[in-house]
């Protein structure tokens, strides 16, 4: 029987390569073997029947699709908003053998196995692209959505390497986009609101259909009363509104396609009102609520009235954080507790143990008026739980533990917030029967007395745990008793070791009534840090020595003779009945403080180890700094110079006074030939009877020069008989001056 020709998707070829339909062809993919029955008969003879088997094998065949190779070509319809470079049509999806695809459009190319493709461009008026694999792609920038319809025709030739070819055409029809355009349901509408609307309150809401819609106010460009939300289309007030009228031109547009837009006019009228928002009592609610308040309890009941004086048309709603709305709810005008308020949780601590919310009371009027009542609820603690003892409270301490050593810590717990806020105390005071104490804040147990495992191997302590700061009422506190066991660990006694064990000391006694340290014993025991006990067991019959811990102190007396003491000091480290101790011997030579010790030439030889004693004597010496010495020297020099000048001035003044006395006496006596001297002594004075003094012919010119003479020159005064004139005599130069 005849077979139906195989028709591959997008590509088919009929015999002859003419591109026209022909007789059916063999297709090995569909039928690879045919069985033919042949019958032959001659006249008068029997009919002969034979079979012929025909096998069909694959070969290099090129087939193209009928629509592609038809006269009109294949047609593809796409939307205008298809993405750039989207595959629109496939000429050969899976070519058989080596094929070449060539086209006559820009970007058309050829496909050929193992051969370079050939391109044949015939028309250049299409933005479509033909790839090497035979795919027709949309333009790189996509189609222009503004055009209503667009048609592009692409003529394509397909050729294999054997020269077989088929040609066809593809027509791409670009249809308008099915995307909805941005439109307003109404081109304009009016809104009326009452005055008194506060800033940033919603006045109205506009809505436009479409995709990726955004809103903006076109006119007026910068409005002083209103603004619009770009995404939601809510028109809000920018300040408190008064009576006014405004027209707003609103544009809605597609954020991805700016050419897709629509406009509408909104008229807003702000009119006066005679109504007011509901009035509520209390206007603010602040309260403290214990954490044990049961769900469903009423915290406050609002008493609100509207402008008509009634509360029949009021609506109550709770706004605030999700945590507040989950813990409280409104039932009419009543604020109630929704869930348990657990103070002892970390979530409550992060909120500061406070809830904030707002009750919105709205009146059912047109337009509606609302009042907001702020709410602040503080959760207070309640001491609900008792302290709990630790799981294990047994400690071990060596019997040689020092005073104040830490034995262990009692870690009690308490579930009330703040967690584990406890005080610790021991039942009973510290005593030999209970040589321990506990820190009230940390719970640390410390050693406060002597421990002896031979007397008592363990102690049972009763610790009281008391919670603190877990309730608003500080008097509400819970306590719990816990048993704590302290076991003593026996430590083998060790003989204390002292270095040296024998000492010979010499001291000079101080004044009676004083205390004079002699030496300090250097002893230690094992384990290190154990407390040692010292006592004088011999040689202190007179009571001249005493012990201050490990220091020997001498108490001077009134004795005047040197004396020697041999002291025996016992040292032990434990207080048990079988204590082990060591004895230190001290030979102390005491010299009285008022007795002089004569020099001795006797040398003592001993094999005992002696302790080196260092006596320190402090001498106070003042060494002034160099600047102080320099200042002191200069100051002394200036002082001496000042005193010398003053003394000289005094001597000169006394000399001048004596000279003046002599002159006065000369004028009174006027005795010729008699010389009047002052307080100074003179050796030679001459008298001249009328002879003028050499070098001074004018006597009157010299009068009054005595008061201006230089010191040490005019040393004597005299009167010449017969002349009635006085003069001064200079003993250095021999000159004379008339007075």
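Every residue gets a Cβ built from N, Cα and C, even glycine.
Lifted from TrEMBL, the feature list:
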- 1-25: region 'Disordered' (REGION)
- 281-389: domain 'Cadherin' (DOMAIN)
- 389-502: domain 'Cadherin' (DOMAIN)
- 626-647: transmembrane segment (TRANSMEM)
- 687-708: region 'Disordered' (REGION)
Segment confidence, the domain 'Cadherin' (281-389), expressed as mean pLDDT: 89
Beyond the flanks of the transmembrane segment (626-647) by 6 or more, those residues with Cβ under 8 Å of it: none
Helix, strand and coil totals (DSSP H, G, I; E, B; other) for the domain 'Cadherin' (281-389): 11 helix, 51 strand, 47 coil
